[in-house]
Amino acid sequence: VIVTRLATRDLHKPISILFCNLAVSDLFTSFSGFWIAVLFITNPDITIFGSQDMLAPYALYTTSILSTIYNQVSIGIERYLAVAKSMRTRFRVARHHSIVVVFIIWVLAFFLGCLPLMGWNCLQAERSISVLYSPFCVDYLVFITMPNVVVAFLVPLFTYLRIIIILRKRKLRMQEACGQVTNTYKSAETQVARTSISIWLLALVSYAPFLAGVIFDATNQRCHTDLYPGAYIFRNCTAMLITITCLGNPVLYTLKSRALGARLKALRCLWASRGRACAI
């Protein structure tokens with residue numbers, strides 16, 4: 001997704017910038033998740049009881065998940081503005097708006113995700129340490145998780161529902177004016193509805209278990225050994241669901257697989273022709 005959108009000029013649109021940034025966030029999430037997995041393989045105790053070595057990978061993991069959430073929210077808002085621009089708002093999203101949004105997303109994600117590296121951790125204080133994500137503090141996890149998960153659920157739900165309602169109203173107006181609706185418009189409305197529902201359900205399935213784990217962590221008073229291994233199996237499953245989200249996002253946001261395949265083929269042919277020209 002990143003290579004295709006950067007190499008194809010006609011895809012350099014505001015929404016394409018957000019799509020490309022979402023792919024970068026997913027790439028960072030997968031990379032940080034792999035880093036944590038390697039630490040678990042080499043030294044599983046530090047992923048259970050916590051260590052200084054876990055702060056950096058957990059901070060990068062948190063940063064990448066936050067940037068993914070903010071990207072999904074910004075894409076929903078951009079789609080809503082694009083659909084509603086002819087009705088209530090005259091605001092038009094330009095490329096520089098998307099670039100500013102991407103910059104804000106990463107600054108906010110890095111600031112919130114790196115707070116444990118700045119001192120908000122429980123390496124010294126054992127009182128409020130997280131059992132599932134040591135050495136993070138429970139109050140930090142609650143501070144990060146609760147508002148962002150609510151944003152990830154409610155804002156896309158509102159924007160995509162509004163998009164479906166706007167398209168439905170336009171279809172009714174077209175029926176009143178022309179007496180019928182073209183098959184192209186019906187197909188577009190169905191595709192938007194399916195994509196919107198799929199995006200929201202994927203976010204719900206991915207982040208709801210993680211939210212449940214944080215709530216359990218905040219209300220739990222038992223030590224690490226009492227929860228082993230069941231709680232940590234659940235923690236690993238939540239990480240797998242988030243990774244599946246990273247795999248599902250490119251599929252959902254590039255539904256035209258034939259067009260994407262044609263672009264990849266064209267890029268491959270372009271690179272091959274350049275290689276032959278250089279050889280000549």
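Keep in mind that glycine also has a Cβ here, set from the backbone N, Cα and C atoms.
Keep in mind that TrEMBL annotations are predicted by a computer and have not been checked by a curator.
Straight from TrEMBL, the features:
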| type | residues | note |
| --- | --- | --- |
| DOMAIN | 1-253 | domain 'G-protein coupled receptors family 1 profile' |
| TRANSMEM | 15-38 | transmembrane segment |
| TRANSMEM | 58-77 | transmembrane segment |
| TRANSMEM | 98-120 | transmembrane segment |
| TRANSMEM | 140-165 | transmembrane segment |
| TRANSMEM | 197-216 | transmembrane segment |
| TRANSMEM | 232-255 | transmembrane segment |
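Residues 15, 18-19, 21-22, 25-26, 28-29, 31-33, 35-36, 101, 105-106, 108-110, 112-114, 116-117, 133, 136, 144, 148-149, 151-152, 155-156, 159-160, 199, 203, 207, 242, 245-246, 249, 253 of the same chain lie 6+ residues outside the transmembrane segment (58-77) yet bring a C-beta within less than 8 angstroms of a C-beta in it. Looking at the domain 'G-protein coupled receptors family 1 profile' (1-253) alone, the prediction's average pLDDT is 80.
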